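**Q** This is the structure I have questions about; it appears just below.
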């Protein structure tokens, strides 16, 4: 008589067998949680049970209306009537050998047909409470439902062959317990090969289970199997809503929740709703300043238990796994194995698409999604999908408002640890990214990448409308507004709209009178940084804009454009009163005051009025006696810059004003005008 096991023992034995577990995590949980009991009728039935539910599944007599199993003393009073018209075991096996799933329930046929008649060993029949759809992985169902004839199994004890492994197992259990299983290990003998396999798969403290891919250790076989699925990328659980497949049932459940439109958890403070209770709890902690989770080591408090656990790892001093190359220590052997590949340069995981190699299999899996476009991690709040779970977690903080990373210096919180690291360099002044061409250092790698484009001339951001290329994506976005005509930034004071936020900020200085940009040479202030840059060229003498016709240089591009109109004779600005044209709009504005008689600029000293501010400035020098413009050749000083320029032509010999009639040249425009009168008299 083979030894009988409770359902708990059977489950633990199944879980310990090496290789993929045929039970899903949900089924395993129900087995572990079930109390182990033996019904009083086990002597009659021959099978110990965990519950009445299992008793119904195992004992066929229990299922029949004429089976009295519920007497006061709970004894089994088995009826002896047996249906005489039952098919024989051979006929039933022949009818259902092709597909085990088609075998009817025991109670549907006869209350006296035993488990052994169906080729299922006593004590190994799956309880009814566990035979739910979804309790087995597709791989396990494939083993149970394999086609007849794929593999015939021999029984060593009899001249019998079986097409289904459960029938073979039943046959092998018929020999007596004096006949131990030929496999022996550690001095223990087993009647069933599955018992021996289960015994071999039980990990001990001396021999934990190790993942061959990453070196990570596990104390339980189900954990190892789950880890191996991560490396293989096997996806066995399919979502009925969208058809996506997942490697873990827990991830599938999360997927189901993302399809649910209901948001059951609503914040009473701000009204924001959440589908998941964990997201809701995290969000609520931000309304309260309470920090109930305190570190016993340093006393630091946190609003969330998960943040405390992460922090506590920083106090863990034990790192038993040390690198022989650099001495760096790790808490896990798997981390040491991955670290050692830095020294060896080993990259065993190669992408079959592009040949790129990686040190970690997880990095290869993430990289492969760049080729497939797969984004399996979806946000339950907004539906946005991501290729990596870490990116999803970072994104979800946008909805929850969680900022778990806090600066120790100023207390500023951040949602991402990378942002905290970048911010911390503000306090330390660290600039670890140095340009190999000019030596300039930067605090962020992205700033270095953008800077290097100055040396390479690279302009990777191209406008799809006009084809113009730019070094920075931000400049491209600003440029594209030219094509759309969009002006989203509007002044709240006067309603004027701008295409760029920077232009709006500069404009608002007109209303506030704010001039934040000061010249460190003379102290003059400006409302725009661009105006300050132009002004500073007065002190430096820089004139980067050169006329291609005469070689004259200018400090501003607008001044060059105006100058070029002297050569081409273009005068686009015409007075609507008298028709006189000008090459500058400012000259037209000044001229129009001749018609209006307007003189808005008044001297505070003598009260004289002027139509132009420049004329007033020049006039005021009469009262002050100031002569700020000095000739570098002879030292002579002048009150006006234009007079200095005319004077310098004495030293240079330049005569830019030519007479169109006779070709004579003059150093001053006024002298040319006087000369032209000679020709007009003629």
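FYI, residue positions are counted from 1 along the chain as it appears here.
Using the three backbone atoms N, Cα and C, a Cβ is placed for every residue, glycine included.
Straight from Swiss-Prot, here's the annotation block:
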- 1-10: compositional bias 'Basic and acidic residues' (COMPBIAS)
- 1-43: region 'Disordered' (REGION)
- 62-210: region 'Necessary for transcription activation' (REGION)
- 253: SUMO2 cross-link (CROSSLNK)
- 268-393: region 'Required for nuclear localization' (REGION)
- 293-315: zinc finger (ZN_FING)
- 321-343: zinc finger (ZN_FING)
- 341-373: region 'Required for nuclear localization' (REGION)
- 349-371: zinc finger (ZN_FING)
- 377-399: zinc finger (ZN_FING)
- 405-427: zinc finger (ZN_FING)
- 461-483: zinc finger (ZN_FING)
- 473-503: region 'Required for nuclear localization' (REGION)
- 487: N6-acetyllysine (MOD_RES)
- 489-511: zinc finger (ZN_FING)
- 517-539: zinc finger (ZN_FING)
- 545-567: zinc finger (ZN_FING)
- 601-623: zinc finger (ZN_FING)
- 629-651: zinc finger (ZN_FING)
- 657-679: zinc finger (ZN_FING)
**Q** Mind tallying the zinc finger (377-399) by DSSP state, helix then strand then coil?
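**A** In the zinc finger (377-399), the DSSP-based counts are 11 helix, 4 strand, 8 coil.
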**Q** When the zinc finger (629-651) is classified with DSSP, how many of its residues are helical, how many are strand and how many are coil?
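**A** Reading the DSSP string over the zinc finger (629-651) gives 11 helix, 4 strand, 8 coil.
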**Q** Relative to the Cβ position of residue 253 (SUMO2 cross-link), how many further Cβ atoms are located within 10 Å?
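**A** Excluding its own Cβ, residue 253 (SUMO2 cross-link) sees 13 Cβ atoms within 10 Å.
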**Q** What residues in the same chain, six or more past the boundaries of the zinc finger (321-343), come closer than 8 Å to it by Cβ-Cβ distance?
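**A** Residues 211, 214-217, 359-360.
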**Q** Cα of residue 487 (N6-acetyllysine) to Cα of the residue listed as 'SUMO2 cross-link': how many Å, rounded?
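**A** That comes out at 46 Å between the alpha carbons.
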**Q** Taking the zinc finger (545-567) as the reference, which of 377-399, 405-427, 517-539, 601-623 gives the largest number of Cβ pairs under 8 angstroms?
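**A** It is 517-539, which has the most Cβ pairs under 8 Å.
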**Q** Check the DSSP secondary structure of residue 253 (SUMO2 cross-link), expressed as helix, strand or coil.
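**A** Residue 253 (SUMO2 cross-link) sits in a helix per DSSP.
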**Q** Please state whether DSSP places the residue listed as 'N6-acetyllysine' in a helix, a strand or coil.
**A** coil
**Q** By Cβ distance under 8 Å, which residues at least 6 away from the ends of the zinc finger (405-427) in the same chain are close to it?
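**A** Beyond its ends, the zinc finger (405-427) has Cβ neighbours at 394, 397-398, 443-444.
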**Q** Which of 293-315, 349-371, 377-399, 517-539, 601-623 shares the most C-beta pairs under 8 angstroms with the zinc finger (629-651)?
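**A** Checked against 293-315, 349-371, 377-399, 517-539, 601-623; highest Cβ contact count belongs to 601-623.
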**Q** Quick one: mean pLDDT on the zinc finger (629-651)?
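**A** Within the zinc finger (629-651), the model's average pLDDT equals 88.
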**Q** Within 10 Å of the Cβ of residue 487 (N6-acetyllysine), how many other Cβ atoms can you find? Include all protein chains, please.
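**A** Result for residue 487 (N6-acetyllysine): 14 neighbouring Cβ atoms inside 10 Å.
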**Q** With helix taken as DSSP H, G or I, strand as E or B and everything else coil, how many residues of the region 'Required for nuclear localization' (341-373) land in each class?
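**A** Summed by class, the stretch gives 16 helix, 4 strand, 13 coil.
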**Q** Counting by DSSP, what is the helix, strand and coil composition of the zinc finger (601-623)?
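**A** Final tally across the stretch: 11 helix, 4 strand, 8 coil.
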**Q** How many helix, strand and coil residues does the zinc finger (545-567) contain under DSSP?
**A** 11 helix, 4 strand, 8 coil
